[in-house]
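A short worksheet on the structure shown next.
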Amino acid sequence: MQLRNFIVLLTMATALPYVAVPLLNLAPNITTLAELLALIEFAGGGAHVAAGYYFFLEKEGRSILLAHWPRTILVPLCMALVYGMIFMKGTPALKAAALLFYFIWQTWHYQRQNFGVSSFMMRAGQQPPLRSSERLPMQMAVIAAILALVKLYNLGTDLVQPPVVHVIWIAAACLQAIAIATALAVALSIRHQQGAARRITIIMLGTLFYLPSFLYTNPINAVLSYALAHGLQYLVFMGYIGDRQERRLSSWARLIVLALALGALMIVMQARNGQPVREFVFGVYLSIVMTHFVMDGIIWRLRHAPQRAYMGRIFSFIFARPA
């Protein structure tokens, strides 16, 4: 029952943004849909990043993160200072480069989570992890999405000439098409294997994850679906983290308050009006999100014994099952 609930929640979290965003585009004047999307955007955006900092409030998670203090404390402080100064004092080209680096890392981070989710799902199905050949189309898809960012966010104009941006966009679209073709070829090659349906579903979803990048010209619509799916997936995992602590009510309260308070603060920090202080704060905001990427790369790295033991206890309904 626990495993089934987990899979249902994860499926709903992934699918909801892909349904809500197109619906809002079809009926932009429906207030209820707009309010729903705003709620999803908050939950899947700032709230999920804020929730990730809950690990610092939990003893075992904190010990794992502090064991890597240069990456979880020193690097974030340096990023906050550097990014703050870039946006307060930097040239337009430098700001564009800093934003592009941020978006590239963010987009890559999304697919890293997809690989992590796939590991959980394969373990839940008592199957070995995806092979390199099965991960290949997903890797190609994220590279295509990264290339598409240059045009989607209009960041290339300060870095390269418009014709080059167009060439990069065409290359991205071609790579996405090749990724889909590769995924189909992989699916055909494994279709008769035991548990093939689960593997094929994961491969295809991971390959099509960034497809909205090539279906919309509006950058918000192009990115919002997969960005929010990522965030809502993460909140499902964090819900189990909060639920599995000894003092469940206290853990849930801390997790919810942190997600709401820091998430709301991050929305305020995003506002830019050209004033130096506001620009500095915006740079710090970006560093807070990038610190989330760093922390996730440590706390969810299950190849290491402390993380594996920690997550194994929390997600015992998955890891207690034979692989």
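Here, residue 1 is simply the first one shown, and the rest follow in order.
Every residue gets a Cβ built from N, Cα and C, even glycine.
Automatic prediction, not curation, is the source of TrEMBL annotations.
Given the ranges 133-150, 223-240, the record in TrEMBL names 223-240 as transmembrane segment. Between the listed ranges 92-109, 200-217, TrEMBL ties the annotation transmembrane segment to 200-217. Between the transmembrane segment (252-270) and the stretches 6-24, 223-240, 282-302, Cβ pairs under 8 Å are most numerous for 282-302. At the 8 Å Cβ threshold, with sequence separation of at least 6, the transmembrane segment (223-240) comes into contact with the transmembrane segment (200-217) through 3 or more pairs.
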